[in-house]
2 protein chains.
Amino acid sequence: MKETFAQGGGGLPAPAALAAKVRTLAPSMTRSMQRVAEAVASDPAGCAALTVTGLAELTGTSEATVVRTARLLGYPGYRDLRLALAGLAAQQQSGRAPALTTDIAVDDPIADVVAKLAYDEQQTLADTAAGLDTVQLGAAVTALAAARRTDVYGVGASGLVAQDLTQKLLRIGLVAHAHSDPHLAVTNAVQLRAGDVAIAVTHSGSTGDVIEPLRVAFERGATTVAVTGRPDSPVTQYADHVLTTSTARESELRPAAMSSRTGQLLVVDCLFVGVAQRTYDKAAPALSASYEALAHRHGPRGGTSR
Amino acid sequence: MKETFAQGGGGLPAPAALAAKVRTLAPSMTRSMQRVAEAVASDPAGCAALTVTGLAELTGTSEATVVRTARLLGYPGYRDLRLALAGLAAQQQSGRAPALTTDIAVDDPIADVVAKLAYDEQQTLADTAAGLDTVQLGAAVTALAAARRTDVYGVGASGLVAQDLTQKLLRIGLVAHAHSDPHLAVTNAVQLRAGDVAIAVTHSGSTGDVIEPLRVAFERGATTVAVTGRPDSPVTQYADHVLTTSTARESELRPAAMSSRTGQLLVVDCLFVGVAQRTYDKAAPALSASYEALAHRHGPRGGTSR
DNA sequence: GCCGACTCGAAAATATCTTTCAGAAGTGAC
DNA sequence: GTCACTTCTGAAAGATATTTTCGAGTCGGC
């Protein structure tokens with residue numbers, strides 16, 4: 001058994017250098033071998049899908065010749081050449097990725113839509129993570145962990161983010177409420193006092209329905225946090241801690257509500273994990289408890305399913 | 001002789017999607033198969049250099065198990081898995097950073113938490129995008145665009161995703177409802193008929209409260225769609241189209257509910273954009289209309305804030 | 001025109017992959 | 001706890017693919 005991966009002097013053939021090798025060695029090849037080499041160089045992906053016999057037929061040669069060519073290119077046999085070919089194909093494939101920067105067009109095929117959306121959301125995550133002020137985040141976490149109760153405000157798409165945060169906090173035993181009704185939000189905000197936490201989620205930072213309850217909470221002495229894409233927007237006036245989310249560029253087919261959500265959720269997750277860490281002794285049992293409670297609702301079948 | 005390279009229908013899994021598939025399918029694998037899958041995922045390059053027998057020995061299993069695993073991952077046999085592995089290895093080699101694969105610990109500083117969470121969610125996005133069946137997605141979009149009405153089911157964290165989708169669809173003039181109350185969901189599902197669409201969102205695919213309404217809708221002749229992380233779970237029995245989301249590995253401080261959400265939302269966004277494309281003439285005015293309507297609610301201050 | 005070296009492919013030999021089948025291990029019912 | 005049942009697993013047989021062997025064909029030199 002060797003199946004070595006020695007890389008010393010002449011070593012194992014480089015994956016990318018294959019095209020070069022073909023050109024270099026072509027002159028010293030016999031006619032049949034050249035045909036094989038050419039096929040391999042011109043369509044790595046296609047050839048990777050072929051067996052020895054297939055490639056032999058394609059090039060009008062024999063299996064023996066294919067193997068000989070593989071040897072000449074520096075591989076122990078055709079099998080290894082084929083693997084290298086697959087690698088090369090994959091590289092070429094992924095190489096032509098950067099067409100993603102374009103905006104989503106009305107006539108984009110569905111596969112492009114998926115790729116572009118995924119790419120954009122990844123970008124948003126990276127940007128948000130990079131731009132997040134960990135000091136502010138830490139302060140917000142500290143406040144949350146110690147809070148008597150927490151209110152979260154958000155309307156529209158941000159309302160769902162608010163609910164997501166609330167669900168999570170409840171899950172680790174905190175007292176949290178999400179409000180998307182502006183009136184109720186204000187009504188409840190009046191109840192807050194020092195030691196409580198109020199969180200406003202709004203992408204624009206200018207959503208009156210969310211600013212108002214935060215203002216009330218702020219004036220009541222609660223610790224206030226704003227999760228917004230605009231660090232200079234009105235909502236920050238009443239926020240003790242501002243957590244900034246980044247946004248991908250928007251467009252007609254990709255409204256702000258869509259791209260902002262991704263960043264907001266990352267922030268929310270960070271808050272959650274941060275709090276869970278600080279209150280680990282309480283959080284850990286609570287987490288497993290809620291997990292177990294749910295297990296019953298998951299189908300008659302056991303965990304592994306079928 | 002076929003050795004096909006058809007890519008149309010279910011197609012061969014792309015090398016990039018492999019890591020995603022492993023994570024997605026791992027839970028439904030048997031112990032031995034999981035060992036193989038793990039070996040494959042953790043060292044693609046190394047495994048690509050091994051024969052069936054070699055990999056079987058390495059993982060302490062048999063050749064049969066290795067082949068079975070390859071099949072489960074969507075390849076005709078080990079040979080093809082091996083080729084994909086070689087491709088993946090090449091991509092990793094040339095491509096971007098391997099990663100901070102560590103799990104989140106209780107004593108991680110907050111900055112690490114942010115970085116790890118962001119990385120994991122990016123990973124989930126990439127995996128989901130890579131593993132998403134665009135044919136199924138396209139079919140779902142077509143059904144949605146033509147639907148008389150659409151019902152979306154989801155409870156818990158997935159309920160928020162269901163609401164998110166509903167909000168978006170409403171915004172472009174479709175008739176959509178989200179149901180998180182299981183009773184109401186079933187009650188409403190009875191109203192559905194051919195030409196309507198029912199969508200179930202559930203990570204585990206085993207959530208009875210969500211399966212039940214989908215079953216009813218299915219039996220009523222509606223077009224049914226499942227958004228799930230388990231392509232072999234009970235929910236898919238009643239789904240005309242299955243959209244699979246990938247999940248990052250989970251842990252105590254990062255429950256499944258958290259990581260699944262990211263992938264689900266990507267799928268939802270894709271559905272939305274897809275439908276918006278198909279119904280562009282109606283959707284475009286509806287989008288700007290709802291945008292304008294919102295502008296009024298953005299603070300007493302002008303649109304641009306501050 | 002004959003010789004020798006080289007090229008090439010058919011078919012045998014080997015390695016690798018796939019399938020089958022029966023025992024092992026786990027699961028649920030009673 | 002025990003039994004019946006299903007599911008999982010690996011050994012070995014069977015099928016493919018790859019490598020080697022070997023002799024026929026080709027070309028250039030003398």
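Here the Cβ of each residue, glycine as well, is placed from N, Cα and C on the backbone.
Look at TrEMBL and you will find B:16-92 tagged as domain 'HTH rpiR-type'.
Taken from TrEMBL, the feature domain 'SIS' applies to B:140-281. Regional average pLDDT for the domain 'SIS' (B:140-281) in the model is 89.
Secondary structure of the domain 'HTH rpiR-type' (B:16-92), assigned with DSSP and counted as helix (H, G, I), strand (E, B) and coil, comes to 61 helix, 0 strand, 16 coil.
Taken residue by residue, the domain 'SIS' (B:140-281) breaks down under DSSP into 72 helix, 27 strand, 43 coil.
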